[in-house]
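Feature list (source: TrEMBL):
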DOMAIN    16-392  domain 'Major facilitator superfamily (MFS) profile'
TRANSMEM  12-36  transmembrane segment
TRANSMEM  56-75  transmembrane segment
TRANSMEM  82-105  transmembrane segment
TRANSMEM  111-128  transmembrane segment
TRANSMEM  140-164  transmembrane segment
TRANSMEM  170-190  transmembrane segment
TRANSMEM  211-234  transmembrane segment
TRANSMEM  246-267  transmembrane segment
TRANSMEM  279-298  transmembrane segment
TRANSMEM  304-322  transmembrane segment
TRANSMEM  343-363  transmembrane segment
TRANSMEM  369-388  transmembrane segment
Amino acid sequence: MTFIEQSYSPRGAYLRIGVIAAALFVVGTNAFVIAGVLPQIATGIGATTSAVSYSISWYAIIVAVLAPVVSVLFARASRATLMGAGMGLIAAGIALSAIAGDLAIFTAGRVVAALGGAALMPAAMAAAPTLVPPEQRGRALGVVGLGFMLATAVGSPLGTALAALGSWRLALGTLAALAAVLAVVVALLTRTVPTGSVPGLAARFAVLRDVRIGLALMTALLFTAAFNMVYIFSSAVTRGVTGGSGTALATLLLVFGVAGLVGNWLGGSLTDRLGARPTALTALAVVAVSLAALFVAADSYVGTAVLFGVWGLATAAALVPIQHRLVDVDPAVAGVSLSWYSTAMYVGIAIAPVVGASVLPFGAAWLDLLGAAAAAAALAVFALGYALPRRAALV
């Protein structure tokens with residue numbers, strides 16, 4: 001049995017992929033916007049910055065654990081239904097967090113949004129590769145990844161700017177409204193996306209017996225943790241050069257995001273042309289070096305801005321080849337492998353705030369080095385996956 005459909009049709013394929021990318025833009029912005037407004041949220045709900053950051057962990061843990069369960073329980077539901085319903089829950093959760101008066105209500109909103117993410121993410125990640133021929137999968141994954149990169153290029157900086165001009169509640173309220181609109185659009189425009197075969201939990205865990213898939217997923221986990229250790233606490237990491245200015249921070253996040261757009265295109269193109277291995281190894285190496293260099297450039301705004309650009313470009317360029325590796329190992333179970341990718345990504349997101357909050361008392365700059373170490377570990381694990389002998393997937 002194959003878990004990645006071959007019923008692609010060129011007509012309207014990239015329109016539907018674009019709609020899926022728009023949904024992931026909201027998901028990404030919901031995660032990333034917290035980074036720029038963390039201190040304001042903490043003040044607004046009477047909690048510590050560390051306590052608010054833990055709500056990110058709860059969000060990520062719920063998505064990571066429930067995503068495969070939701071996929072199995074609602075196996076007969078169309079991907080359009082799952083994505084539309086998921087986006088509706090995300091809208092409701094963000095709205096609840098936006099009106100929260102204390103940490104409990106704020107976290108409850110994050111939990112509701114996480115339930116939506118658990119429904120949306122696996123369906124979205126599995127849908128994209130089914131809509132195009134095999135030789136275009138790198139670009140298709142790149143377009144989907146563009147949603148996340150636009151979240152960093154536009155969503156997070158805009159949210160930070162709205163919080164500086166108005167309040168963090170305005171930023172989240174605007175995002176909730178956008179999510180509500182997209183819930184309808186996604187459900188309508190993705191009705192023709194193939195539903196495909198949905199494997200049970202046993203089949204999902206069986207793919208992990210292929211150590212190459214496991215190492216690619218570990219790469220995704222470490223890479224995501226490296227990114228979020230620095231990005232979530234970017235207001236603290238850059239305070240020495242921004243002076244606490246929301247506008248200055250928004251500019252740095254904009255530089256990161258715009259560079260990420262270029263990196264997203266570059267990563268997809270190079271993966272299709274050169275393959276996942278050289279593209280990912282190069283990008284991960286640049287991520288590790290740029291994060292380590294941020295530690296040195298801690299007193300220079302210009303230097304920090306340049307490094308944010310390099311970091312953003314390399315981060316985006318690494319996303320596509322890591323996902324493409326999961327497709328390459330065994331295309332027959334690529335849908336399952338990519339659903340595990342979203343789980344690995346959210347486990348990385350869950351780990352980052354806990355580790356970051358524990359390191360923060362020793363100085364925010366140390367997060368740069370910790371992120372660099374995690375990126376270097378991701379590089380080593382990814383390379384190890386290619387050193388192992390090829391073997392058939394055991395499903």
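Count begins at 1; order follows the chain as displayed.
Cβ coordinates come from backbone N, Cα and C, glycine included.
What you see is a predicted model, and the numbers here were worked out from it, not measured in a lab.
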Are the transmembrane segment (170-190) and the transmembrane segment (82-105) close enough that 3 or more Cβ pairs fall under 8 Å, when only pairs 6 or more apart in sequence count?
yes
At least three Cβ pairs under 8 Å linking the transmembrane segment (12-36) and the transmembrane segment (211-234), pairs spaced 6 or more in sequence?
yes
Local confidence of the prediction over the domain 'Major facilitator superfamily (MFS) profile' (16-392), expressed as mean pLDDT
86
